[in-house]
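The following features are taken from TrEMBL:
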DOMAIN    5-71  domain 'HMA'
DOMAIN    81-147  domain 'HMA'
TRANSMEM  171-190  transmembrane segment
TRANSMEM  231-252  transmembrane segment
TRANSMEM  264-290  transmembrane segment
TRANSMEM  460-482  transmembrane segment
TRANSMEM  503-526  transmembrane segment
Amino acid sequence: TKTISKCYVQVTGMTCASCVANIERNLRREDGIHSILVALMAGKAEVRYNPAVIHPSAIAELIRELGFGATVMENCDEGDGILELVVRGMTCASCVHKIESTLMKTNGVLYCSVALATNKAHIKYDPEAIGPRDVIQVIKDLGFTTSLVKKDRSASHLDHKQEIRQWKRSFVVSLVFCIPVMGLMIYMMVMDSQLSDAHAHHNMSSEEMEALHSSMVLEYQLLPGLSVMNFLSFLLCVPVQASGVFGGWHFYIQASRALRHNTANMDVLVVLATSIAFLYSFVILLVAMAEKARVNPVTFFDTPPMLFVFISLGRWLEHVAKGKTSEALARLISLQATEATIVTLGPDNVLLSEEQVDVELVQRGDIVKVVPGGKFPVDGRVIEGHSMVDESLITGEAMPVTKKPGSTVIAGSINQNGSLLISATHVGADTTLSQIVKLVEEAQTSKAPIQQFADKLSGYFVPFIVAVSVVTLFAWIIIGFVDFEIVEKYFLGYNKSISAAEVIIRFAFQASITVLCIACPCSLGLA
């Protein structure tokens, strides 16, 4: 008997089905080549040859002579079929051993592992020698019931609806609290600029300025040290900052996960800046109230709502964009047929029997019947019948294509008027449609180089910002104790009744928090 070996050749430069036909037709004529199968989307040719007559490198050279790029693929595991089964009726370890040993003795099974706890079997086989239906039959003959592990065909992992809803809600809620905060800020800015104008024109003393300042509605003190402005900002900030349902909980979860793995991402910055701004402002308010301060302290209650607004808007838009790509992919996946009608032919192509099977159980070389209006479950070659086929899903060509014996058909395309019998050439993950889905999925998961660079940067960025704000804190404390006048010049309206040391520390904290807050929603992260 002639020994037949199998090799895989990576083929580049194929553009359409006629390239495939060209390679297959020319190589079949060569001596020593038993059969050849070319997959267009995977850019791969599977060649069965007689090693006594021809070698894989010579096969690749033949393909190159036809004008394509060709290299022999070393690791040939790609051709192995993998089968995941649920096996019912196993009671103990001996059942497991019985299934495993019987399967391993079966010709064509390369590897088999059965788990009693989960009732699952994982089998690797050579599609040339055996197919999934044969494997299932072997297990059934041993007295166990078995079925395929159901694959999720709905592509629910590509669905971004929940994230879109979550971020949209987060954005809207943060916005509701953010608009009043921004309104208060703008009002304060306008009033402050008017006051400073008045101060410039009328040469008021600082006491008169203070009196005029506190006569403003928002600066009116509800309690000593607690102004209307600060009280309202606090009320608007708490729901966004603290509540689990509203804005910020997502960031806290992500940040804690990142820190647990000793990395710092954008979420860590968001959490740091908002939490510190909130806690600092809250503590300073309590201190002011305890001291019954006449001048209202500078708080940062506007930071958390505004930060969350910008970031949740960014994330919302990001998920909407992702959702659009995924939608296209989900539509593609939904084009795949779920069942196939397999027929057994007698002499002269007489139909002996037919049965409906799951599309994943179709084996290479099976004869599949496709009725008018039906989808082709696998890629194959027509062996009997004439029909028109709508292949627009792959080619974009709206006109139906004529199919006659010898024509190739593509999984997912729709048979129109005649009944066809096809011989399966590419099944399972090797069909054109599965390959397209795989390519799109890979494109989605792989990052652009600039994106990888940004991720890498943000890893250094976060610790860097934290370090800078700590340096700022200590720098101002040192400057303050060395030359108090510099602090006095920049720290306007501090309470004359508190000690110089406290003034310095407050100012230093304010400066370092400002660094954190401003650097946090850095354009890098949002972009």
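Placement of Cβ uses the backbone N, Cα and C atoms for every residue, glycine included.
Keep in mind it's a predicted model, so treat the numbers as computed, not measured.
Sequence-distant contacts of the transmembrane segment (171-190) (same chain, six or more residues past either end, CB-CB distance under 8 Å): 218, 229, 232-233, 236-237, 239-240, 246-247, 301-302, 305-306, 308-309, 312-313, 316. When pLDDT is averaged over the domain 'HMA' (5-71), the result is 87. Under DSSP, the residues of the domain 'HMA' (81-147) split into helix, strand and coil as follows: 23 helix, 24 strand, 20 coil.
Look at the domain 'HMA' (5-71): DSSP puts its residues at 22 helix, 24 strand, 21 coil.
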